[in-house]
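Before any comments, here is the structure.
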């Protein structure tokens, strides 16, 4: 079959079609060829069908790019085990295949599939499952191979008789090899079970006489745990428990003849090395005995008693504690009298306990002995009086007294209450009430710190009322609020009230005077109110009104107002007549303007419009309608002036929440110049809600369409699609679509399109897992500008490995991306760690931090820190910091190296190496950039030598050599000093002759002009010396008094020449203990001092050395400007458990100091802290610290004095359930701050977080909680400093309503809706709240015929003058008893609320009342009339009451 078409048109020049097919029983095929201009399409298909094998193929050739050659094949062959089912698809160069094979035989089954595709990760995937039940061992094997990665699970086992053997092999850590074995021997009545995995094993064995459990784990604290229970006799047992080296044994033996038990316990725990208990109980005599010992401290308890109608029990407790050597206790309980008494006392102290309760009250007494002062508490409480006293040694409550008295007389009631703390009265209350005299008096005083508060209330009938609230604070003085009311005349019928109100809390203080005059004696009631808020400002209100008692549906009133500024509404009058609800009239006059209204006025409907005689005055609408007939509703409300009215209407059919057809509108008073009108219709079919509608607002109009809303309540998910068109600029076409899923996740996807501008919200928190997760949230809103129009946040973590962890957070803002990644790997004991932090920020740039350290061996420890930052300008900032420490018995090395690309400091190195064998050698120094300072020091038995190199001009190299011989009678010191080509030498000799005489000689040569040559020699005898002195060309000979001191290791010579300036030569040398390493405290090892003619030079070497510490300090000063001071200090503890190290170097004004601290802590922990400061840089000291204590990790970082932060963290359950720790910030006064964070997963889709922070300052605490589930988020923060704060984001949908909320503290965005659809009641409630401003629309109508009806339409808004509008009513008529209540709320300040209430009994009488409340002014008509009808007449009384002091009573017959 073929078809050809040729035309002259370019669009369709040629069209040809040809088709052929073959149709046989075994094979069917068809081919279709289409030619369109120069494009050719070929489609072919074949089909082979049979009961055991079939094959379907389809092939297409098209000119479309990407689909030029397509092939599809689907086949099955139940006789082909390798390809039971096969599907192959190829599109151009892309091929997909899926092949399923397998077979089932007796006790053998195999299933497998292969998948090939061009998709990444699935190019080649194979799955094989095999079950073999043919042998005694049953086997199950499952394997999955993807991209060459093979994961296999093998299960094998056997179950023969009463024996089970199960084996499992998996690729999962902890379950690589898993075995379970169980055996049950019924004849021996025994059971044995065993379970093993890669890291541990557990076994359980038991029979009727014993039960044994044994477990081995890889954990250090529970390497081996076992317990065993054995029955040793009738009623006798032995139990033993062990954990590593800790154990406990329990034995209990029963004496059948005496019905008693003996109990023995022995154990060994850390802290309780020996614990033993022995006990006995005799059930017949009600006697008990218990003896125990902890670390040889024995405690014994014995007791006996009787149980009848009364319970008596006595007990004696003997303890090793001083104040409780022997304690005797007695318990008595009388059930009939409901009385109980417990009393205990000690023979060795004042300890006493009494607790007694009976019908008359409660009595308690407690004395807790203490060497400083006992603590004593006494309590006596009855209904009419009570007293509580406490005395203690604690400052906050050294003396406490609370006492009360109550007197309940027939006509008079009095009460008083007082509380005193530490001798100061903090609370006092007096109350008195006298009913016959109509007197009430209340006085309350409170004292808190220096604040005194007084509350006073006093009333005497209608003649006097006083109220006072006063507060006295020394800082602010006295402030009070006071009201004084004085009455006169025959109140409440006729009289006056004078009112004075004072308020000094406000600034300035304010006094208000008011007078109220009432006359209720005449037919026309009069009320006059005069108010003076301040001097010369008087407001007067005169009200006269009358209402016909026989026809209360009509009446009139007159109100005259006098104000200081003569307002136009000084005179107000009016009348009303609502006898005929369908033709009601209301008239009232304000000033010269009269308003009239006429129309229908009922609770269900009103057509009233208030119009004025003044053409310029606006009409006022008082219109409403509330009608309902089945599913049809007609609600309308229109209130307010013509230019500012509010409107709400809703008409249509509401079958249920899923089937609605309505039209409505609303206008929010003056805030909306036009009415917003709308129509809406939606319905539900097959679980999908669809709808449409229109809207109009002024010149704007449009339509909308709900394409679908499909919700799955069980899975807590839904999808929706909505669109709208309008003539609003930039919003001609708007569409919203998306879905949400809260089933074990938080997934929200919303797309909003407005005239081609697309906004998107994509939140995917589906991976809530404590060990690993990856969650994303994306928001795309073009209105936010190019920077934030698209925001995407991804947070992930991996804590699945016990030692290797990572955290990642990525944030994308528009085209920029910021992230932070942290990874670390550490040892089990945290002795070693490698980690890095990588981050990118649009504000800080890119930075990378690498940290590595090894503290496993403090004798060979090192740490490295690498820092690299690229700023937003492209500049790179980087540095490396390395620290090493090595030590042996006779050698110590410390080195710290700093390298950076900083211009101020590119390189720095500080080091100190020491050898302390027979000769002590020290090599230390400091390098920075191209400058170096080094010191080589050698200490021998009689010699000290050193070389100092510096970068300072003139001091490039300094060499010093000191030789001492200070033993014997002849002493000498030789010193040489060389700085460049400048040399100085010093020789001193001293000879002693006996104890009182001797000679000395000193020679000094220097390159300094002031002392190129110095020679001193002399002889002394009995502290008198003859001296020869020569300095350069100055020569002197003199006699004088000499002060000479000499010992085995030192000498000190000083004398005063005629010039008066002292000359002193001193030297000391004692280094043997230092070389031997036997010192234990700092001492002077060597010194040399020289003073002459006001010049001085001092040198000293201090130190000591032993196996635990090396301390060396060199200190030199001179009066010469070139070398004022040199200081070097090395202090290093060699103890590997705890050590402090210090390195200090000072050369004139140059300083460099390093302080290190290291200590071992409990549970194989440690802490290391280093502080570095130098004049090389203006930066303050740098402080770095890290450590571990058990599971707690500690980090310190800071700069300068007290400008450091120490932070520690301790994981809970390997950080799976939370963490805790401490924080020290001394710079702001917070030390020892403790925090605790708990997070848990109560359900699959619940996350709960709780944070507690103890500021360790006057008990201040901070608490915060966070809860996430499928309905939203709740969070709370409580702090004495920050206050209480809360955050809420919730939503809930139910068949009868919905709720949504987003809130922070008192600021809320809320929307709540409810639907009531019952047989007799229908209603709708919509509630909204925006930042504390509440909106509410509440409607309800319920009818049960003439017996009962109720209805309401209430509108709450935050708008001024329209806070509450609408009304409500209830009506009931049962057995001729009528109860009715109605309220009307108007948008008016003069008449905001009108309330009416009726309660009548019409059963052969008219008994009840009718109440009308207009703006707080209440009118009540009470009647009590007896009779059967109006024609026969009624007998009784009518009374009329108002809130104005008046009453009218009419009695008689009618």
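The backbone N, Cα and C atoms fix where each Cβ goes, glycine too.
Since this is a predicted model, take the numbers as computed values, not measurements.
According to Swiss-Prot, the protein has these features:
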CARBOHYD  33  N-linked glycosylation site
CARBOHYD  55  N-linked glycosylation site
CARBOHYD  185  N-linked glycosylation site
CARBOHYD  571  N-linked glycosylation site
CARBOHYD  592  N-linked glycosylation site
CARBOHYD  825  N-linked glycosylation site
CARBOHYD  882  N-linked glycosylation site
CARBOHYD  1153  N-linked glycosylation site
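Where Swiss-Prot records a feature, it is marked here on the structure.
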{"residue": "33", "record": "N-linked glycosylation site", "Cβ contacts under 8 Å, 6 or more apart": "16, 17, 18, 19, 40, 41, 42, 43"}
{"residue": "55", "record": "N-linked glycosylation site", "Cβ contacts under 8 Å, 6 or more apart": "46, 47, 48, 73, 74, 75"}
{"residue": "571", "record": "N-linked glycosylation site", "Cβ contacts under 8 Å, 6 or more apart": "558, 559, 560, 561, 589, 590, 591"}
{"residue": "825", "record": "N-linked glycosylation site", "Cβ contacts under 8 Å, 6 or more apart": "803, 804, 805, 833, 834, 835"}
{"residue": "882", "record": "N-linked glycosylation site", "Cβ contacts under 8 Å, 6 or more apart": "862, 863, 864, 865, 895, 896, 897"}
{"residue": "1153", "record": "N-linked glycosylation site", "Cβ contacts under 8 Å, 6 or more apart": "1142, 1143, 1144, 1145, 1171, 1172, 1173, 1174"}
Going by DSSP, is residue 592 (N-linked glycosylation site) sitting in a helix, a strand, or coil? coil
Any idea what the Cα distance is from residue 185 (N-linked glycosylation site) over to residue 592 (N-linked glycosylation site), rounded to a whole Å? 112
What's the most sparsely packed of the glycosylation sites 185, 592, counting other C-beta atoms within 10 A? 592
